[in-house]
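**Q** Quick one: structure below, then a few questions.
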Amino acid sequence: MDVRFHNLSVSADIVVVDNSGAKYELPTIPNTIKKAFVGPKKRVVRKEILKNISGVFAPGEITLLLGQPGSGKSSLMKILSGRFPIEKNITVEGGVTFNNVQREQIIQPLPQFVSYVNQRDKHFPMLTVKETLEFAHQFCGSTLLKHNADLLSQGSVQENQEAIEAAKAMFPHYPDVILQQLGLKNCQDTIVGDAMTRGISGGERKRVTTGEMKFGMKYVSLMDEISTGLDSAATYDIISTQRSIAHKLHKNIVIALLQPSPEVFSLFDDVMILNEGELMYHGPCSQVEGYFEGLGFKCPPGRDIANYLLDLAFRLTAIHQEMLRFLEAPYDQELLRCANESMKAMPMFSQSFVESTLTLLRRQAMVLYRNKPFILGRVLMITVMGLLYCTIFYDFDPTQVSVVLGAVLSSVMFVSMGHSSQIATYMADREIFYKQRGASFFRTASYVLANSASQIPLVLCETVIFGVLVYFLCGFEADASLFLIFEIVLFFTNLAMGMWFFFLSSVGPNANIVTPLNMCSILVFVIFAGFIVTTDQIPDYLIWAHWISPMSWSIKALSINQYRSSGMDVCVYDGVDYCAKYGMTMGKYYLDLFGLDTEKSWVTYGIIYITAIYVVFMILSGLALEFLRYETPENVDVSEKPIEDETYTRMETPKNNISAATEDCVVDVQSTAQEKIFVPVTMAFQDLHYFVPDPHNPKESLELLKGINGFAVPGSITALMGSSGAGKTTLMDVIAGRKTGGKITGRILLNGYEANDLAIRRCTGYCEQMDVHSEAATIREALTFSSFLRQDASISDDKKYDSVNECIELLGLEDIADQIIRGSSVEQMKRLTIGVELAAQPSVIFLDEPSSGLDARSAKLIMDGPSAEVFFLFDSLLLLKRGGETVFYGDLGRDCCNLIEYFEGILGVSSLPLGYTIPRRGCWNVLAPVALSEALHNNLAKEGITAPSPDLPEMIFADKCAANSATQMKFVVTRFIQMYWRTPSYSLTRMSLAVFLALVIGLVFIDADYASYTGLNSGVGMVYMGALFQAMMTFQSILPLACSERASYYRERASQTYNALWYFVGSTVAEIPYCFCSGLLFTVVFYPMVGFTGFWTGVVFWLTISLLALMQVYQGMMFAFLLPSEETASIFGLLFNPVTMMGMGYSPPSYSIPSGYTWLYRISPLRFPLSILEALVFADCDDLPTWNETTQSYENGGSKIGCQPMADSPVTVGHITVKEYTEQYFGYEHESITHFFFILIGCIILYSVVGLIALRYINHQKR
C-alpha cells in the first residue's frame, strides 16, 4: 500500500495561560470553580502540531521516524492510522491518500489496512503473553482473508497459489510465529502482570504491545517508540525482522525510535526527521549524512548519526524535490487495482458480530474468573451476608410489615451494590478497550454484551446462594413458584445494577468522580423505591423518579409476591378479621399501608421492567464507549512562551585509575553548582546471590543472581548492562535494600564496613523504572520535599534550596518547575524521578534504565543510554548475561578501549566498526576470563573497599530519618493539604453530591408530616438514608485516592524519607475540613428543607454527620492500608458496612433484632451517629402528652416533633407518641446523645490507630 500525504497540517486550539501572573495555573478548588462559573482568565491560541508536511511511504520499504519529544511523530502516525481524536478544537488540512483513495473515504475500515502500535502498554494483567496474542489473532481473523492473500501476488500464478496454501497452513499458528519473532517464547506462559501483580518485565511487555498489533496482515504498520525498555540486541532483532517483512511481503512499515544505534539505523531504507512539527529531512538513509554535511553540519567522530541528526532547512534541496516528484507521480497500476478490488469492499471488522462476541465472552470470562481473590471475596461476601440477613430477619412476623419490607429492601440493596466493587476494574479495562476498538478488533456492542454475559454465572451463583438462605429462613411464603419469582427478580436486579455501574464507569472521566457518583445514584434509587418514602408521600413533580427506579419495581414485585400469596391473601389472620375491619384482605391491607399496588400483575410488570432497564443500561454503555474518549491528560495548560533553546555540553568524570592523570579531560561548563554536602562513600558487593521460590515447584528455589562482585568509588560512574532478564533491576534492588521477598546471601559494604539496612537506605538514592510521584505537587515542590526530608538536619535551609535549584538547572526543568506533576509527559516524569534522588544529595545513586522513554538528546542530559557518545562517559562497566552471571566487570579506559580490546580478543568476534554502540550485540553471553576475575578480586581486597580503612569512616546513623520530626510534619502535612486543594475532582465532587443529595431528599420531604405511622417511618428512613449514603459516599471516594498515593509512599518510605506517623497525620488532618465542609453544605440545605427546627440542634446535627463522614473516611483509609488492592478494599467495605448497617436499629428495627445479635447492635459503629441524628429530631420532647382513656385521645403536650401523637398506627402498635415510638421501636434515645457522641469519637480514633499500624507494618509492594 502506497501512503502519500501532501501539505498535511494539524493544529489545535489550546487554552493558554496569560503571561501575567503565574505561568502555570494550578487546578485548585477556587480555580476550578472560577473556570466553571466565571470563566478562566485565559485565551485560546492555535498551536501547530504538524506544519505543511508532505511525504511518501512506499510499499516494500521500512522508514525510520525521528524527532524530539513534541516534534509531531505520534500525531503524524495517529493521523495516518485514523486514531487522532478529531474534536471541535482540532483542524486538519491537506490530503492523505492510500493507493490514491482519500483517507476520508475509507476512515471506518482503515484499521483493517493500517495498524498502529502506541506508546502505552495496556494489557489484561491476568492473561498470559500467549493468550494475549492469541486473542488478538482471533479478533483480526484467524483464517487467511482475501486481502491477506492479495499480499501474496508478486510471483507466478503457481507460486502465488503455493504461497497462499502455505499461508493458510501457517495462519492458525501465527501467534507462535510472532512469539518467536519478538523473542517471547521463554515467557509465553507467564501472565503479563501490572504494577501490583508480578508478571513479565517492562521490555517484554513492550514487545507484547508490538505483537498485539501484528495480526491481520495489515498493508501498513506504524509503530510508535517500540524499543522502550529493550536492550540493543533485542531492538536489532525486532527491526531486522520488520525489515525482512517489508521487503519480502511488500509491506509498508514506519517505525519511530528514540535512541537508534548505528547498527539499527543501517537497517532502514528511508528516514524522516521532524522538529517542532516541521519536516527537516525525508529521504534515503544513505544520503542523510552527506546532506547535512553539505549544509555544514558534519557528524563528529564517535557520535551516532541518528542521535546527531536530532540536534540539527530542507524544502529547497534536491532530495526534497525528488520526494515531491515521487509524490505527484502516477500510481502503480497494481496498487490501483488493489484499491478498487480490495480496499473499498473491506469490512470494518474481521469477525462477524457473533464470532467476535463469543471470542470476547471467552476472554472476559477468563479475565474475570482468574481473579480468584475477587471471586472468593464475592462468594464469601454473599454467603456471610446471606447468613446474617436470614438470622437477623429469622422467621419474621408478617404483621410487622416494616420488618418484612425491610428484609426485602435489604436484599434488593445488597445484590444491587455487589458490582460496585468492580468499578476500578471497569475503568482499568476501559483503557484496553480504547486501544483495541481503535484497531477495529471488535464492535463496541460485542464488548458490552460479552462483558455483561460473562457476569451471568457469578450473578446466578450469588443469587442462588443468597436467595436460598434469605427466602426460606426469613419466613417468606414456602411455595416453589413464589421462590422462583423471588430468585428471578433478584437475578435481573443484580444484572441491571451491574450494567448501571458499567455505564457509570464508561461515561465518567475518572474514579474520583465515578465512585461517589455510584453511591449517590444508589441513594436516589433507594429513596424513590417506595419503602423509605411511600408513594403517597412523594411529591407529584418527583413521582417520575419512583417509576424509573429499578429498585422500586423490584421491591414492589417481591412485596406483592409475598403478601398476595395464598397464605396471606386472606380475611382472617392471627385472630384479626381484616375484611370486616378494613374492607380488604390481610395482604392487601399491609401493602396498602405502604402505598404499594396490590394487583398480582405488577409482579410480571416488575420483571419485564427490570429486564428492559438492563437492556437500556447496556445500550447507554455502548453509546458512551463508542462516542466518548478520555485519553488525554488532565490539567494541562500550554504556555504561549516558547521554550528556550537548550544546549547540552559533553562532560566527563575523572577516571579513577592511575592513567587518568595523563589524560586530557577538560570540563568547561558555566554552572551554578553549589558546595557538595554529601559524604563520599565507596560501595562494594561481594559474592551476591539471590534466590526466589520456583513458581512451578515452591519447594525448590531459582537463583537469579549468581555470585556477583563489584565496587564503585566516589566520583565514578558505573554502567550496569545486560539483556532483558539478565538481573540488572534485581541486582540494584538487592544492593539498595528494596527486595521484600526471597533469600539474599553475600556481603554489601560501605567504606569497607558491613552495611546495615539503615545505612544503605540513608546513603543511597534509587531511581526506579516506574515514575511514581505524588501527582498533585509541582515539580519544584517534589524536589524541595526530597531535599528537606532526605538531607541531614544539620544542613542549612539555604543550602537545601540551592540543591533544588541546581537540580532544576541540571535537568533542564526551569520552564516546567512550577507545573503540576499530574499530566506530565513521560520525559518530564523521568527527569523528575532523577531530580528527586539528586536533590536528596545521596552518597551513592542508582539509576535503573533512566533513559527508558527518552530520546537520545534527553538521555545525554541524564548521562545514560546506549549511544556510543553517552557510553564513553562511564568509568566502569558491569555486564550481566541472562541468568544473573557476570560477563565483564572492570575499568573501561579512554573511549572504552579496555572493553573493546576485551571483546575483540574473544574468538569469533569481529572488529568494531567506527562509531558503533559499545558493547556490540552477540557479546552478552561470554563469561569473564580468569585474568579479569583476578583483577577484580585484587581490587576488592584493598582497604576501604571490602576491608576497613583508617581514612574512611564507618557509616553509622543514629536516627532513621535525616530530618527532624518538626520538618517531617511540616512538609508531609503540607503536601497532603495541597493535594486535597489541587484535586477538585475528589473534593468538589463530594461537596457537590452532598448538596445534590440534600436537595433530592429535601424536595421529597418539603411538606412532610412526621406525626403519622408512615410519615414517621419515612422520616426515620430519610435521616437513615441521608446519613448512611453521605458516609458510604465518603468511604468509596477515599479508596481510589488512598490507593493511588500508596505507591509513592512505599517509594519514599524505602528511602527513609519520613516516619509513617507523619504520613498518617497528613492524610487524616487534610480530610477534616472537607468532611466538615461537606457536612455543613448537606445540613444547611437538608435541615430546614425537611422541616427540622432549632439552631443548636442543627449545629449538633452538622457536627454528628461530619464526624460520621470522617469516621467512614478513616475506615476507608484503614482498608486501603490493610488490603492489597483498591478492588479488595472495596469488597471488604461492601461486606463490613452492610454487616454494621444491620446493627443500626433501623432495618431491622431494634425491637426485632434477635437476642443472638444484640452484640452486633451494641458494637455497630454506625449505630451511634445515626442514633444521635434520629434522637435529635424525633425523640426530643420535654413535655409528653397524656392519653385520655375517656376521649380516646392525647391531651396537652409540647410542640416539638417528638411530642406529637402518632396517627394511623397499625392495630399491632396502638396509641403512641413520636418520641415513644422512636425510642421503643428503633432504640434511638435522646438521653444517650452525649454518651454516643464520645463513643463516635472513640470509633474515629480506633480506625485511625488501626490504619496507622497497617501503614507502618504492612507493605503490599512485592519485589
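Glycine residues also receive a Cβ, built from the backbone N, Cα and C atoms like all the rest.
Curation plays no part in TrEMBL annotations; they are all automatic predictions.
These came from TrEMBL, pasted as-is:
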DOMAIN    33-301  domain 'ABC transporter'
TRANSMEM  375-394  transmembrane segment
TRANSMEM  400-426  transmembrane segment
TRANSMEM  447-472  transmembrane segment
TRANSMEM  484-504  transmembrane segment
TRANSMEM  516-534  transmembrane segment
TRANSMEM  602-625  transmembrane segment
DOMAIN    683-929  domain 'ABC transporter'
TRANSMEM  988-1006  transmembrane segment
TRANSMEM  1018-1039  transmembrane segment
TRANSMEM  1060-1087  transmembrane segment
TRANSMEM  1099-1122  transmembrane segment
TRANSMEM  1129-1147  transmembrane segment
TRANSMEM  1236-1258  transmembrane segment
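Show me how these features fit into the shown structure, please.
**A** Long-range contacts of the transmembrane segment (484-504) within its own chain (CB-CB distance under 8 A, at least 6 residues past either end) are made by residues 411-412, 415-420, 422-423, 426, 448, 451-452, 455-456, 459-460, 462-464, 466-467, 471, 476, 514, 517-518, 521, 550-551, 554, 557-558, 561, 603, 606-607, 610-611, 613-614, 617-618, 620-621, 624.
Residues 405-406, 408-409, 412-413, 416-417, 420, 423, 500-501, 504, 508, 542, 545-546, 549-552, 554-556, 594-596, 989-990, 993, 996-997, 1000-1001, 1004-1005, 1014, 1017-1018, 1021-1022, 1024-1025, 1029, 1032-1034, 1036-1037 of the same chain sit 6 or more residues outside the transmembrane segment (516-534) yet have a Cβ under 8 Å from a Cβ within it.
Counting same-chain residues at least six beyond the ends of the transmembrane segment (602-625), those with a Cβ under 8 angstroms from any Cβ of the stretch are 430, 433, 437, 444-445, 447-449, 452, 485, 488-489, 492-493, 495-496, 499-500, 502-503, 506-507, 548, 550, 553-554, 556-557, 560-561.
Only residues 6 or more beyond the boundaries of the transmembrane segment (1018-1039), in the same chain, are considered here, and those with a CB under 8 A from a CB of the stretch are 420, 424, 512, 515-516, 518-520, 522-523, 526-527, 531-534, 537, 986, 989-990, 993-994, 997-998, 1001, 1004-1005, 1008, 1010, 1071, 1075, 1078-1079, 1082, 1086, 1090, 1105, 1108-1109, 1111-1113, 1115-1117, 1119-1120, 1126, 1129-1130, 1133, 1137, 1141, 1144, 1146-1147, 1166, 1169-1170, 1173-1174, 1177-1178, 1222, 1226, 1228.
Note on the transmembrane segment (1129-1147): residues 374, 377-378, 380-381, 384-385, 388-389, 392, 406-407, 409-410, 414, 417-418, 420-421, 423-424, 1020-1021, 1024, 1028, 1032, 1035-1036, 1039, 1043, 1115-1116, 1119-1120, 1122-1123, 1153, 1157, 1160-1167, 1170-1171, 1226-1228 of its chain, located 6 or more positions outside it, place their CB under 8 angstroms from a CB of the stretch.
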**Q** Taking pairs 6 or more apart in sequence, does the count of Cβ pairs under 8 Å between the transmembrane segment (447-472) and the transmembrane segment (375-394) hit 3 or more?
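**A** These two stretches do touch.
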**Q** Looking only at residues six or more beyond either end of the transmembrane segment (1060-1087), which have a C-beta under 8 A from one in the stretch?
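**A** For the transmembrane segment (1060-1087), the nonlocal Cβ contacts are 965, 968-969, 972-977, 979-980, 987, 990-991, 994-995, 997-999, 1001-1002, 1026, 1030, 1034, 1038, 1042, 1045, 1049, 1053, 1098, 1101-1103, 1105-1107, 1109-1110, 1113-1114, 1117, 1248, 1251-1252, 1255-1256.
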**Q** Given a Cβ distance threshold of under 8 angstroms, which distant residues of the chain, six or more beyond its ends, lie next to the transmembrane segment (400-426)?
**A** 371, 374, 378, 381-382, 385, 389, 393, 455, 462-463, 466, 470, 474, 490, 493-494, 497-498, 501-502, 504-506, 511, 514-515, 518-519, 522, 525-526, 529, 531-532, 550-551, 554-555, 558-559, 562, 590, 593-594, 1017, 1036, 1039-1040, 1126-1127, 1130-1131, 1133-1134, 1138, 1142, 1146-1149, 1152, 1210, 1212
